[in-house]
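What TrEMBL records for 1-25 is signal peptide. According to TrEMBL, the domain 'SRCR' annotation covers 46-147, 171-323, 348-448, 458-566. Residues annotated as disulfide bond in TrEMBL: Cys72-Cys136, Cys85-Cys146, Cys116-Cys126, Cys289-Cys299, Cys373-Cys437, Cys386-Cys447, Cys417-Cys427, Cys533-Cys543. Marked as region 'Disordered' by TrEMBL: 330-355.
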Amino acid sequence: MGPVSVWQWSPWGLLLCLLCSSCLGSPSPSPSMGPEKRAGSQGLRFRLAGFPRKPFEGRVEIQRAGEWGTICDDDFTLQAAHVLCRELGFTEATGWTHSAKYGPGTGRIWLDNLSCSGTEQSVTECASRGWGNSDCTHDEDAGVICKDQRLPGFSDSNVIEVEHHLQVEEVRLRPAVGWGRRPLPVTEGLVEVRLPDGWSKVCDQSWSAHNSHVVCGMLGFPSEKRVNAAFYRKLRKRAAKASARRPKPLVRPITKHKVKPKPQVGRGPIKRLLAQRQQHSFGLHGVACVGTEAHLSLCTLEFYRANDTTRCPGGAPAVVSCVPGPLYAASSGQKKQQQSKPQGEARVRLKGGAHPGEGRVEVLKAGTWGTVCDRKWDLQAASVVCRELGFGSAREALSGARMGQGMGAIHLSEVRCSGQESSLWKCPHKNITAEDCSHGQDAGVRCNLPYTGVETKIRLSGGRSRHEGRVEVQIGGPGPLRWGLICGDDWGTLEAMVACRQLGLGYANHGLQETWYWDSGNITEVVMSGVRCTGTEMSLDQCAHHGTHIACKRTETRFTAGVICSETASDLLLHSALVQETAYIEDRPLHMLYCAAEENCLARSARSANWPYGHRRLLRFSSQIHNLGRADFRPKAGRHSWVWHECHGHYHSMDIFTHYDILTPNGTKVAEGHKASFCLEDTECQEDVSKRYECANFGEQGITVGCWDLYRHDIDCQWIDITDVKPGNYILQVVINPNFEVAESDFTNNAMKCNCKYDGHRIWVHNCHIGDAFGEEANKRFERYPGQTSNQII
């Protein structure tokens with residue numbers, strides 16, 4: 001509540017207020033005053049609690065009738081978070097949490113099934129089950145993340161009450177040997193925790209493998225390994241001897257030539273350990289973790305007091321050694337060791353995340369990928385997923401399809417993990433039906449990742465915002481490190497995706513080969529050329545390139561590479577079951593195919609056919625393409641460059657939108673077709689999504705998130721011309737956005753394959769599934785028929 005000025009009150013009002021102290025909290029504010037305490041919030045106080053957290057986030061607690069309590073996360077929404085953040089003195093909410101992310105509270109659960117529109121002046125105006133009426137436990141306590149901006153003039157009892165005890169805010173490993181020279185990520189070293197007063201070490205007395213497991217998880221590593229204790233004992237003994245040895249007076253020998261002293265191996269680490277012990281830099285002397293905690297602050301901790309003169313007597317700094325996941329193996333030896341281990345088929349994956357280690361959780365069951373319902377989804381279950389995928393513990397357990405809605409089956413619900421399981425499938429769970437949960441409740445995760453420092457070797461310049469600009473990379477060599485540009489030759493969407501990922505800016509909207517409109521400043525040297533990426537690399541130096549030999553056709557700075565990055569992107573997915581259900585053969589007369597021939601939708605042999613007599617044999621099927629991403633799919637070209645086709649009477653916004661191919665089992669193409677974007681529009685949408693794109697009257701083209709574009713089997717060019725294909729067993733392959741012309745969050749699900757058997761008169765299409773159309777392993781695993789290798793192909 002803002003300060004109340006006495007002269008704003010009438011004498012009678014002042015006298016009444018003195019007689020009734022409760023009115024002090026609710027005077028009639030003047031227009032010039034700041035935000036006041038809401039009338040509906042009289043008698044209530046609000047605070048943020050729990051840890052680890054920042055000052056503007058935490059578990060929401062309400063004091064009513066002198067008793068503090070929490071809010072259940074059932075039906076909790078961002079709109080409710082907006083109202084609560086305003087009660088706490090912040091302008092708005094940027095997010096909310098569930099499943100007691102900031103730890104379970106105590107006392108009453110004051111509100112359950114809280115439903116707000118977001119415009120309420122007080123939480124008491126929101127609908128709920130009533131004060132104190134709840135069927136929840138404190139494992140379901142809700143939290144909010146407010147925007148770090150206070151309401152002007154806000155001064156009230158509803159302040160953030162900081163818990164007056166020490167908290168571990170951050171953890172790091174400091175190598176005892178080679179600090180600053182070892183490759184990143186750092187996998188072994190002395191454990192240091194950041195306390196309010198700075199970085200401190202942890203005494204190793206009673207240190208356990210469970211503690212190491214939690215520390216490694218926080219640092220982005222899935223597991224820990226045994227430390228070479230003999231090595232550190234040797235260092236400590238040398239440090240003890242060095243401290244006991246009295247320093248001798250330094251006498252310089254009188255010689256005509258300088259004598260180069262012999263290097264003393266290991267003295268550097270000894271001196272550092274000795275200095276660390278002398279500085280009494282221990283902050284923690286007791287850590288007791290179960291091993292399932294997602295953060296060290298959730299363990300039982302014992303801190304040294306400021307007046308403790310003796311710290312860690314007889315002990316030493318705790319040392320931890322972590323095992324990196326496959327993406328972050330620090331050395332070739334670790335990579336070879338991991339590759340040598342037999343790896344089964346992945347049964348868990350992440351989709352839709354803008355950064356590594358985050359996304360919608362999908363699981364494989366009976367050969368079909370499906371999602372996980374967010375009911376009872378918590379940090380323990382999320383951490384099991386993260387570690388299973390080679391990351392650390394979970395930073396967040398996401399609900400409400402925060403990473404986009406999936407498609408198809410929902411395989412799991414009410415997953416309850418202890419945190420010790422090696423796979424999500426080993427956690428108790430409930431198999432559900434479509435009526436139990438919807439894709440609006442798809443669960444997601446954000447995992448802890450190791451620090452690799454790759455973002456320090458790349459930057460953008462000249463752009464209007466930090467998300468766009470000319471790409472500059474830092475390279476080393478015989479001389480000092482220097483910044484330079486990348487040749488724009490062959491630079492495309494896949495390379496831009498890697499650059500944006502390395503920058504930590506999410507996805508690539510565009511990969512640009514000309515950047516003349518962005519000022520390059522004083523950086524004019526091209527230091528990298530021939531960059532070719534697959535799109536999955538973590539940094540540009542992992543992509544193929546020319547190395548130190550620069551070969552660039554156009555060396556001017558205007559032809560160097562640039563990117564426009566975005567935190568969201570579209571993600572197209574073909575409805576494979578519909579292809580299988582609608583496939584059939586039609587013998588279509590040539591006189592009905594003039595428009596199709598104009599758009600090159602027939603095989604080459606059609607050019608020499610006896611027009612208009614005869615026919616072409618066509619494999620027809622419907623194509624339903626969904627956008628499961630977090631941004632609309634829009635053509636790269638603007639309307640001014642769309643091509644009008646008089647024959648079909650519409651504009652093409654993309655020359656090639658899909659590729660249709662008939663392949664032999666060994667991948668040889670025997671028939672092909674292509675589909676221009678006749679008209680990208682929202683044919684149908686989910687219940688809560690409105691159509692935005694329609695082709696009629698030269699309208700905007702695209703596919704909205706949550707909508708799909710349907711190309712029916714009976715329209716032109718929705719086929720493959722198989723007139724020249726001999727009977728046999730084949731593979732039908734459909735690839736969407738084959739030239740990566742439009743950026744997507746995931747290109748691996750743009751291809752569909754089906755088994756296809758053709759006897760010369762009829763065709764059987766089955767086993768259609770989404771997969772990598774270009775992977776050799778996928779082809780090897782694909783179902784084969786007897787006699788496939790003897791197909792006669794022309």
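Every residue, even glycine, has its Cβ placed from backbone N, Cα and C.
Each residue in the domain 'SRCR' (348-448) gets a DSSP state, and the totals come to 16 helix, 33 strand, 52 coil. Across the structure, Cys299 (disulfide bond) and Cys386 (disulfide bond) are spaced 20 Å apart at their Cα atoms.
Sequence-distant contacts of Cys72 (disulfide bond), defined as residues of its own chain at least six apart whose C-beta falls under 8 angstroms from its C-beta, comprise Ile109, Leu111, Asp112, Asn113, Leu114, Ser134, Cys136, Glu140, Asp141, Ala142.
The Cβ of Cys289 (disulfide bond) lies under 8 Å from the Cβ of Ser208, His210, Asn211, His213, Val214, Leu296, Cys299, Thr300, each of which sits 6+ residues away along the same chain. The domain 'SRCR' (46-147): residue composition by secondary structure is 16 helix, 35 strand, 51 coil, according to DSSP.
Cα distances from Cys533 (disulfide bond) to the disulfide-bonded residues Cys116, Cys386, Cys437 are smallest for Cys386.
The two recorded residues Cys126 (disulfide bond) and Cys417 (disulfide bond) have their Cα atoms spaced 33 Å from each other.
Looking just at the domain 'SRCR' (348-448), the mean pLDDT is 89. The number of other Cβ atoms within 10 Å of the Cβ belonging to Cys447 (disulfide bond), over all protein chains shown, comes to 28.
In space, Cys417 is the closest of the disulfide-bonded residues Cys85, Cys386, Cys417, Cys447, Cys543 to Cys373 (disulfide bond), judged by Cα positions. The number of other Cβ atoms within 10 Å of the Cβ belonging to Cys533 (disulfide bond), over all protein chains shown, comes to 23. Taking the Cβ of Cys136 (disulfide bond) as centre and 10 Å as the limit, one finds 18 other Cβ atoms among all the protein chains shown.
Listed in sequence order, the residues of the same chain lying 6 or more apart from Cys437 (disulfide bond) and placing their CB within less than 8 Å of its CB are Cys373, Arg375, Ile410, Ser413. In terms of DSSP secondary structure, the domain 'SRCR' (458-566) contains 17 helix, 35 strand, 57 coil.
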